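Written below as structure tokens is the structure these notes are about.
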Ligand code: A2P
């Protein structure tokens, strides 16, 4: 996995909080949760924010799906963050890898070693973490409709997923999943809302760069905004939460300047029509 240069994440999160960001999307597998936690704690100590102003999302990795591993894994994240709860904890992917120290366990032929687990049992362990107060809300990520239905239809369901984090941007607008989630009061959190960093090790770069799109740029000109700001505004205006990633102070601030204008219905339709139904993040595993 690509790892952030030491200290970059700490600085970026502090700048983000100063800018006004409150929702921070993290994960154990980003290997920078200690820096995120430190940034949050420093900003609380400075008196700039209170813990309850922050909305931190953590993620349960594929090697930790067996129900007995769920709580210890969340506790490990809390220890790394040095926080006593997270606001949201989500199952990062709907399939499991073999438990152990290897984040991407592979066999001698280089093939991923999967692990048979029952997503519903994993979900029940997530519910127990909420009941224990370690997390305020629980959700999922990269789940399709059938996987969501499996949880929603689980006998004895105690807490339903509040959100589903999936790839979502003007080239991959997710109309069907969005409609399904709306019907079930599940918030869509859109990752890669700017079309990713185009890192060829995990991105399908045969799909064209989102931010070069002529429609997004033309609409941007009208409002004196960038294509990035138009892409973000498009999603929030249709009720999709966005989690843009940037380690650049100027772009961190730019991505927050999206609350002082709105797109017309015609522009929203024009942007919706850009949908290519092609993912940048194929998650071939
Ligand atoms: P950087 O960290 O140097 O700003 P996504 O959120 O879709 O995953 O996209 C992240 C990528 O987009 C990163 O490479 C990030 O680089 C870049 N990026 C973030 N904000 C902007 C922006 N406002 N304009 C152009 N590129 C951006």
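Even glycines carry a Cβ here, placed using N, Cα and C.
Computed from a predicted structure; not experimentally measured.
Taken straight from TrEMBL:
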DOMAIN    9-275  domain 'NADP-dependent oxidoreductase'
ACT_SITE  30  active site, proton donor
SITE      59  site 'Lowers pKa of active site Tyr'
BINDING   115  substrate binding site
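The average pLDDT the prediction assigns to the domain 'NADP-dependent oxidoreductase' (9-275) is 98. Taking the Cβ of the residue listed as 'active site, proton donor' as centre and 10 Å as the limit, one finds 18 other Cβ atoms among all the protein chains shown. Secondary structure at residue 115 (substrate binding site), taken from DSSP and collapsed to helix, strand or coil, is coil. In the three-state DSSP reading, the residue listed as 'active site, proton donor' counts as helix.
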